[in-house]
Amino acid sequence: IAKEVAKLLEMKAQLGGDEGKHKFVLKTPKGTRDYSPKQMAIRERVFNAIITCFKRHGAEVIDTPVFELKETLTGKYGEDSKLIYDLKDQGGELLSLRYDLTVPFARYLAMNKITNIKRYHIAKVYRRDNPAMTRGRYREFYQCDFDIAGQFDPMIPDAECLKIVHEILSDLQLGDFLIKVNDRRILDGMFAVCGVPDSKFRTICSSVDKLDKMPWEEVKSEMVGEKGLSLEAADHIGEFVQLHGGLDLIEQLLQDPKLSQNKLAKEGLGDMKLLFEYLTLFGITGQISFDLSLARGLDYYTGVIFEAVLLQQENDHVEEPVSVGSVAGGGRYDGLVGMFDPKGRKVPCVGVSIGIERIFSILEQRVEASEEKIRTTETQVLVASAQKKLLEERLKLISELWNAGIKAEVLYKKNPKLLNQLQYCEDTGIPLVAIVGEQELKDGVIKLRVVATREEVNVRRENLVEEIRMRTSQ
C-alpha cells in the first residue's frame, strides 16, 4: 500500500496545481450509501416504531465503541470471520470494526460483571461482504438489537423475543411474514444421529444455513464434495431438514426412535414444546413455524434460534410465495459471555436483531411506487408578512414561537412576497402560516392561515401558541 501511495503522490506532483482537480472521483465507498432527507424521514419512522416496541418491553439502552480489539471479535463468528474489517494499526493496538452488536454486548457484560440486564442497542456495524445493495445488503449498516441477559426460567425470555419480532413486523405493515424457529441442540442431535462427526458439526451447520438461498441438491453436494461428509449422512440429514410445522411436529420428533435417544435433541425438543405453549398464550403461533432447516451461520448460538422472513406478495405472477429474505433473526447464546470472563462465569443470553436495512429498502421501494409525498421537516408554521418592512416583527414573533416549543420557519429575505411565502408552504408541506401585517399589529392579532383549505382566522397574539398547538395536534 505504501508503495502505491508513493506512486500516486508522485503522479499528483507531476500533474501540478489545479489541473488534476477535475479527475477527483465523487463516490461513496463500495457497499455504503448516503441518505437523503426523504430517505431519512422514512428511516426515522421505522426507528421510532422499533424503539417504541423495545421500550414497551422495558429495555434500557447502551452504546459501545465502533471498533473493538481484534482479539475480542476473533473466533466468535465461524466461517463469517473472513468478513471482519481489520483496521491498520493506528496506536499500538490491533483493532477491527465491530461485525455485530452481540459480541460487544457480551464483552460489556463480562467487563462490568453484569449478570442480568434487558437492553437495546441501535448502531452501525461493518462487514466486508460482497454487497447486494438493491436487496438492502451493505458493508456499513444499522442493526437494532434487543437482548435479555440473566438466569431465568426456561423459554420465558425467548418467547418475549419472538413476541417483539411479531409486534414490530406487524406494526411496520410490511405484509405477510413467517418466523422460523429451531434449536441448535436439535440440530446437533440430528447431526449426531445422522452420523456427522463432532468436528464437522459447525461447518455442516453453515451449509444447512444456506437452504433458504440454495436448493437441497446444491447444499448436499457442498456437504459431500467440499466438506467430506458421507453421502449416507447427507441423505439422512436431507430427510430431517425438509420438515417444518408446529406442536404436532415437535410431538412427532419426540417419538422419533433415534432422535429421542439423543440427550441434546431431547432437551431441545422439550424446550421447543414449552416455547410453543408460551407463544400460544401470546396468540402468535399463526406466523411461527418450527423449521428443521433453520441453522443460522453464527457460531455462538447454543439453544433456540429464529429468523423472520417476509413472504413475497408484490409480484402476483410468481407461482409460490417466495421469501424476500430475512428481516430479523436471533437466538440464545449462553456461552458467549463466559468466553470473555477470566473465570469463565456464564451469563445466559437471548436476543433478537431487526434487519433494518432490508425493511428500509422495502419501504423505500413502496413509497417510490405509491408516489406518496413524504415530509422531510416537521415545521408546523411559517411566519410570514403581508407588507414590506416587517422583518423585525417576523423575527420577534418567530422567537416567541420557538421559545414556546413551536416548530417554525421564516424565509431569509427582508421583504419576501406573500405569494412566495405561501408557495414555500405548499412545497414543503407546512400546514399553517402566521401572517404579520400592519393592521394586525395595530389590532394585537395575528392572521393564521390554513394552507390546505386557505381558511384564515384572526387570533389574539397571546392565544397564538395555543391555537397552533390545537390545530397541529389534530
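FYI, residue positions are counted from 1 along the chain as it appears here.
Glycine is no exception: its Cβ is also placed from the backbone N, Cα and C atoms.
Nobody curates TrEMBL annotations by hand; they come from automatic prediction.
It should be emphasised that the depicted structure is a prediction, and the values quoted were computed from it without experimental measurement.
Features of the protein shown, as given by TrEMBL:
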| type | residues | note |
| --- | --- | --- |
| DOMAIN | 31-363 | domain 'Aminoacyl-transfer RNA synthetases class-II family profile' |
| BINDING | Asp100, Leu101, Thr102, Arg127, Gln143, Asp147, Arg296, Tyr300, Tyr301 | L-histidine binding site |
Least buried of the binding-site residues Asp100, Thr102, Arg296, going by other Cβ atoms within 10 Å?
Asp100
Taking residues Asp100, Leu101, Thr102, Arg127, Gln143, Asp147, Arg296, Tyr300, Tyr301, which bind L-histidine in the record, the widest Cα spacing (Å, whole number):
21
List of residues, in chain order, with Cβ under 8 A from that of Tyr301 (L-histidine binding site) and at least 6 apart:
Arg184, Gly331, Arg332, Tyr333
Who sits close to Gln143 (L-histidine binding site): which same-chain residues at least 6 apart have their Cβ under 8 Å from its Cβ?
Asp100, Leu101, His121, Ile122, Ala123, Lys124, Val125, Ser353, Ile354, Gly355, Ile356
